[in-house]
Structure formats: structure tokens, C-alpha cells
């Protein structure tokens, strides 16, 4: 009851103090948006507004209890659940892409995993932009700035947790500095260590992975380790972007305003331009389905900005509703085009999830929580009493497979040669008639293929679930216990798009990730799932293996059959990027290296949509660093602004 009363006061505090003019209007209250809100409102002289379509949900057990990830409302009312168009290469299925619909965004419903990609991948994004700003060495301070890291205690170390202190953030010296709390859970299933040992197995046909010192350290190819989580180690609860960047400042920042339940419909533009660029003058939004719009004015004359942080699918939707995008397409929907920027919504890429699972003789799995109400109640009581037991567990042991961990070198060479021969073909297909973007996709593919060739790409994540995870509903798998190894495809060359389907802000967008359109993607994920099946049978996991459930005997062992099976079950891993790509405009980019939208004076983007190509990591920590970096750019620009803006009449 006390927690619910606290949340009510939080909601009242932030939603009642609403004004009309703001220095910064932030659209989207996910991790990028809330970092921005927190950092910018450190300056008491500016007013900051966050418009978030979802609600405050920090009081829900399925949000704050680690062992309840995915339960309750997490993937229903707290999820945008974007449905894709039928996917030609997935047997015509429509897949669901999850994204958090709540204050905190996807940090409310994600698996709390705080990994980072490789140094080589961040460096490659910098090279794509001819800029050092995205190189690993330049980004690391922003990764560190975004977190308060709690090192593992002796018990956690005994269960495999380890870390590199040089790549993590310390507690802030100033209590007014927000950071997300990162640490390790209080319970580890024995299967996690067995999985680690299986990947490190050095016997005949063993994968021979090495133990990772730190999965956030940038050197993670062919490594396996325990991921740190967005978790408050002091009380074993999820630490979302709200926990890290908003709740520490309740009642202490009268210049920070948050409106929950606010759907943004469009940005409105000034009749005049500044420096020849369009100027965002106000943001139109609707609260809780109201029929009459409300408006938040932007103090553009004093350098005020709009920051879009609505996600890889939500941000291009707002741009297009505002008249920025492919002018021909917008006009076909009856929307006045104010800026022809045809790459908005294009270049969409997403990770793909698959599962290998087996019936196990292990006595304790997550299945027991679902099948035994008495045991479930006992475990929940343990968590409530002292933050121990199964509900204090959080994901997870993770292995990062390099190409040569999955396929023979001659097979990799053959696939890469074929991809290079067809570079123009696929870049043209994926660019959707956009000549500049064709060159951008070609450049991305060249980078990705070079990383494959040097064995520096990480195309597959393997992770263990001590219980069932997969496509079969509960009534189709009985009350048995399971072990699941997921194979997540990290490095797709396929590119799709997302665009509005109507001029109405309430209409869902048309989302087409074009999964498995590139043949290299097909071969690598198939190899990844085959590897996951192999790990289930590798000691010591083999000691608890009874029989494979999925793909199972009905699919068999051949790559052809496994590929066909994947077309029927593979799912989105909901790590979509690229629709507002940070690339040179000549390569079809939408934002520059300071995250400003080309052609717009005072609009930036601070979410995963700016990441131009897929990275080998869960996205949360990278988006936190993006928010930190954008806030830094804005504050630096504001400090340098010494002369009045010169307005030009059109």
C-alpha cells in the first residue's frame, strides 16, 4: 500500500505542474528520453518536458521483481507489440516486435541484460561516419557515466560473476546525478554454470570458449560469462530508467515535467526558417485518448529543442506524421511534406530469436514455479522476506559466438564470397529506390563482411534458460522440466522499413523488417541453432539431458530441415535499429554525428533508431550511452551559443 501511495504522489507531482513553453520537449520516456530529461534538468534555468504514451508502472511486481520478467502485464498492456507485415521468408507469418509502453520504455519489460557490443563494431560505426565520436574509446566514458556498478560479492563470484573495474561506472559524487544501477542477482540456477562449462569444453568437438572477464568490456568474441543486469543490488529489484534517472529527484526539480498517457501526434513547424533550416515550434499531443489536442511550445528563439526518443518504430512515425520523410509517400496519405528526407523509416534491422530445448532431469527449473503453486508461493515469500530464492534470479549466462565457432572456415569463405558478389544486388533491393541509402547499405555490408572475414563479428548469442522457452504453448508441453538454449542472430544483413499507414496518429505503422531476405542470414542462424542443440548434449549439460523437445526428432538433424523449421518458429528479439540512421546524408543518413536531423534546426534523436547497423549486444546499455552523449552535445551547444539567432523569411 505504501508503494502504491508513493507512485500516486509521483504521478500527481509530475502531471499537475504543466506549463506551455519549454526549453526541451522530449518525446518518449524510455531510457534515451529519461537520460535526456534527467541530464538537461540538472540546469535549474531550463524547463524540460517529457511526453510518454505509457503510464507509471514501477509499483507492479512483474516490473520490479527480477524473477517475474515477462509475467503479468509485461507483454500485454505494457507492450506496443508491433505486428509486422507478413514475412515472405518466414512462411508468410506476421511476427511481433515488443517495445515497452510505459514510463521507462523497454527498460520496464526487457530482460535487464546490460551487455555491450565489441570494440570493433563501435569503431566500425565511427568509420562509417568518418568520425571518432562513435569509437569505443570515445563512447566508454558515456557508458560509465550512465551507471552505478555494484561489484559481485563473494557468493556471486563463486557462481561465475566477474568484472573489469576499468569499464564500469562508480557511484556519483553528486547526489543530483542520475545513473542506472547495475549489478548481479542473488540466485543462480546450477544450469548456468553447467552451460558455461559446456561452452568451455575442450574435448573432441568442443567449442572451447574462454571465460569472459566482463561482457561489457568490448573484447567478447568466443567468450562466455554472467551478464550484469540493470538491477539495484541493495534490494534485488529491477532498476529501470525511471529508477536510475527520475525517482532520485522527486520533489527536487520543479523544472522537470512528465506527462504520462500522452500520445504525440506531430511536430509543428515555424513559418520562418533559421539558417535555412526548419524550426520546430511546438509539439501536438493527446492525453489518454482526448479528442482535443494539447500543445507544448518550444522556446526555439533561445535554442530550445525537440528530442525524439520514441524508439526505432515510434520515432520515424512521428517524423512522418510531421511531414518529414519520403515526400511522395507522405503526399499519398494526404500529409503535407515539409522536408523530403526519404531515408526516414528505412534501413530497419532486427535481431532474430530461436530456441533449442530439451526435457531435463534437473529438479529445479523455472517450470516448477509455473507447475507448483505451493512452491511458487514459498519462493515469492523468500524474495519478499530477504530477497533470496528463485524470484531473485535474473538472466543470465551468455556465450558470444564468432563465425568460426559456428561454421568451418571454407564454408564461411564461400558465404562471404557470394555476399560480396551480390553486394549491389541486395543493397539496391533493401534501399527501396533510395540511391543514397543504397550506397549506405553497401557500406554497412562491406563493414559487416570484413568483420566476418576477420572473425571479429559476433553473429550469434547463445544463452541458457533454466526452464522452457520457445514457441509451444503450455498445454502443448505438459508439466515437465526443461532446459532451453536460445540462439539469437545478432548480425543480419537484411534491411526492411517501417512507415505510417495512415495520417492518423492512432493508426499502427506498417512494419516490415524483411527477415531472412539475405542468404547469409539464413545460413548463420541455422548454424546457430544447430550449435545450441549441440551444447545441450555437451558435458556437463549432457548429464541432465533426457531428450530434445525442440526442434526434436520430427525435424531431424539436417541443415535443410532446421532451416525450414526456423521459418515456422523464429521470432523477433526486439532489438531493432537503424530507421533514423546516423550516417552521412550522401549515404542515406537521417541524423548527423551530433544526432541532429538533417534539414531541421532544433530536432535531435536519442534512441536506438540512430544506430545505423545491428550490434552484437542487447541494446539497453548502448541507448543509455546515446542519451548521455546527446545531452552532452545539447549542453555544449547551449554553452557556446553567444549570439542571437538570425531568422530568414521564406
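Every residue, even glycine, has its Cβ placed from backbone N, Cα and C.
Just so you know, TrEMBL annotations never went through curation; they're auto-generated.
Listed in TrEMBL for this protein:
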| type | residues | note |
| --- | --- | --- |
| SIGNAL | 1-20 | signal peptide |
| BINDING | 264 | FAD binding site |
| DOMAIN | 311-325 | domain 'Glucose-methanol-choline oxidoreductase N-terminal' |
| ACT_SITE | 575 | active site, proton donor |
| ACT_SITE | 618 | active site, proton acceptor |
| note | Whole-Å Cα distance, residue 618 (active site, proton acceptor) to residue 264 (FAD binding site), is 27
| field | Cα distance (Å, whole number) from the residue listed as 'active site, proton donor' to the residue listed as 'FAD binding site' | value | 23
| query | If you count Cβ atoms within 10 Å of the Cβ of the residue listed as 'active site, proton acceptor', leaving out that atom itself, what do you get? | reply | 29
| Within the domain 'Glucose-methanol-choline oxidoreductase N-terminal' (311-325), residues counted as helix, strand or coil by DSSP | 11 helix, 2 strand, 2 coil
| query | Do any residues at least six apart in sequence from the residue listed as 'active site, proton donor', in the same chain, have a Cβ closer than 8 Å to its Cβ, and if so which, in order? | reply | 350, 351, 608, 614, 618, 619
| message | Give me the count of other Cβ atoms within 10 A of the Cβ belonging to the residue listed as 'FAD binding site'. | response | 26
| query | Mean pLDDT, the domain 'Glucose-methanol-choline oxidoreductase N-terminal' (311-325)? | reply | 98
